[in-house]
Amino acid sequence: MAKQPQPISPVKNFFAGGFGGVCLVFVGHPLDTIKVRLQTQPKPQPGQPPLYSGTFDCFRKTLVGEGVRGLYRGMAAPIVGVTPMFAVCFFGFGLGKRLQQRKPDDVLTYPQLFAAGMLSGVFTTVIMAPGERIKCLLQIQAATGETKYNGPLDCAKQLYREAGIRGVYKGTVLTLMRDVPASGMYFMTYEWLKNILTPEGKSVSDLSVPRILFAGGLAGIFNWAVAIPPDVLKSRFQTAPPGKYPNGFRDVLRELIREEGVASLYKGFTAVMIRAFPANAACFLGFEVAMKFLNWIAPGL
């Protein structure tokens, strides 16, 4: 296994992780919009076709009905949240690695990298849960044609006024169920691929741009292979009317399985997988480029 770069700088991780997250949102948000609309579309009446027949139908109808701007509905919330979220995410991964090291130059095993990645998922939930709630509500609002919320800030204010902080953080448990194992898979896969792609005698820090893009893109696919079932439950729960699921995700799961079968847990799968590679490739490339720049301008930071 190639040696992992040390030490970890919280300040550099903040800026590099934030820049990587911004890259991810700009590249991936249109397909995230499609994913959420497919996951939350109402069950069609007997004899009636579904609102969207699939990923490309949803994309076409969104583009025709709302233009390119429709694909970027709700993007302000994740953009505002990505800098601190990805800063905490990458710092959490670094901290998880450091906590497991006996000596600063210890090289961690892949299970240890998985555990460090899971810690990052716990750290990011505080920021992720409300951002996801607001994003999903705005994406669904655009699809239905209603105008209850005039943007992310208004959405947050109304949610807080209606149900307090619990309303803003609705879906936190499901966000944890999605992000903790998925983040473990995400970072472990990225580190594994970087090590595999590093030529003999070279450092992982010298990887070429195409290899970073490949490793980051595949890490995103592995991440979502784990994350999509709880993500479907989270999207349904976060956009449901108040009181619809009194027992939380268990009620959502029962309803989905009873009415639409196990396959419903993979709604939006095509959109997710089409999005996962380019979005996460952009994220990790942005992170690596920003980290190299920060190391150049502030080597002792």
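Note: Cβ is positioned from N, Cα and C throughout, glycine not excepted.
Keep in mind that what you see is a predicted model, and the values were worked out from it rather than measured.
Noted in TrEMBL for the protein shown:
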REPEAT    8-99  repeat 'Solcar'
REPEAT    108-196  repeat 'Solcar'
REPEAT    207-293  repeat 'Solcar'
TRANSMEM  12-31  transmembrane segment
TRANSMEM  75-95  transmembrane segment
TRANSMEM  107-129  transmembrane segment
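If you look at the transmembrane segment (12-31), the same-chain residues 6 or more away from its ends with a CB under 8 A from one of its CBs are 59, 71-72, 74-75, 78-79, 82-91, 94, 271-272, 274-276, 278-280, 282-291, 294-295, 298, 301.
Long-range contacts of the transmembrane segment (75-95) within the same chain: residues 8, 10, 13-18, 20-22, 24-25, 29, 116-117, 119-124, 126-128, 131, 134-135, 138, 151-152, 155, 183, 187, 283, 287, each at least 6 residues beyond the stretch ends and with a Cβ under 8 Å from a Cβ of the stretch. Taking H, G and I as helix, E and B as strand and the rest as coil, DSSP gives the repeat 'Solcar' (207-293) the counts 73 helix, 0 strand, 14 coil.
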